[in-house]
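First up is the structure itself, then whatever we jot down about it.
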Amino acid sequence: MTKKIVAIWAQDEEGVIGKENRLPWHLPAELQHFKETTLNHAILMGRVTFDGMGRRLLPKRETLILTRNPEEKIDGVATFQDVQSVLDWYQAQEKNLYIIGGKQIFQAFEPYLDEVIVTHIHARVEGDTYFPEELDLSLFETVSSKFYAKDEKNPYDFTIQYRKRKEV
């Protein structure tokens, strides 16, 4: 297996990715996809995103936090203060690294991304955090996508799009 750095996120039609440091929707099928994709790999997020998840660890995933606070110590979590230290850690690994947010973390890792996995929620929801416009998705070509219709458990239609970085 060739390891890779992948950004994975969900957004609504306006680019909303969060509200009050949480996901502003509940889509069990999308959460299941996230789980299956990231299982047995490493996930990286900012400390604010980790706080928004209630500081709970996701099972069978190595959790990495990027924080400005060098004193931040969290049981079961590897903490880093800068992008380069995360990249140095990654070089010694055999697993994928999934960048799961928030906005500043996506921006910081854009130059290093091999792939992106975007869930496009076909609705507009209320939110206060938007996916960074600075991240240039034109650098990535769509390789596949899968549509999910809303149902009794998932209140919105959504499409999961898989993109890989274009060859230069």
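Backbone N, Cα and C define each Cβ position, glycine as well.
Per Swiss-Prot, substrate binding site is recorded for Ile8, Trp9, Ala10, Glu30, Arg61, Thr119, and the stated evidence type is similarity to another entry. DSSP assigns Glu30 (substrate binding site) to a helix. Contacts of Glu30 (substrate binding site) defined by a Cβ separation under 8 A and a same-chain sequence distance of 6+ are given as Ala10, Thr119, Ile121, Tyr148, Asn154, Phe158, Ile160, in order along the sequence.
Cβ neighbours of Leu66 (NADP(+) binding site) (same chain, under 8 Å, six or more residues apart in sequence): Leu44, Met45, Gly46, Arg47, Thr79, Phe80, Gln81, Asp82, Val83, Val86, Ile105, Ala108. Taken from Swiss-Prot, the feature NADP(+) binding site covers 9-10, 17-22, 46-49, 66-69, Val83, 100-105.
What Swiss-Prot lists as domain 'DHFR' is 4-165.
Secondary structure at Arg47 (NADP(+) binding site), taken from DSSP and collapsed to helix, strand or coil, is helix. The shortest Cα-Cα distance from Trp9 (substrate binding site) to any of the binding-site residues (Gly18, Asn21, Asn69, Gln104) is found for Gly18.
The local packing around Gln104 (NADP(+) binding site), expressed as other Cβ atoms within 10 Å of its Cβ over all shown chains, amounts to 13.
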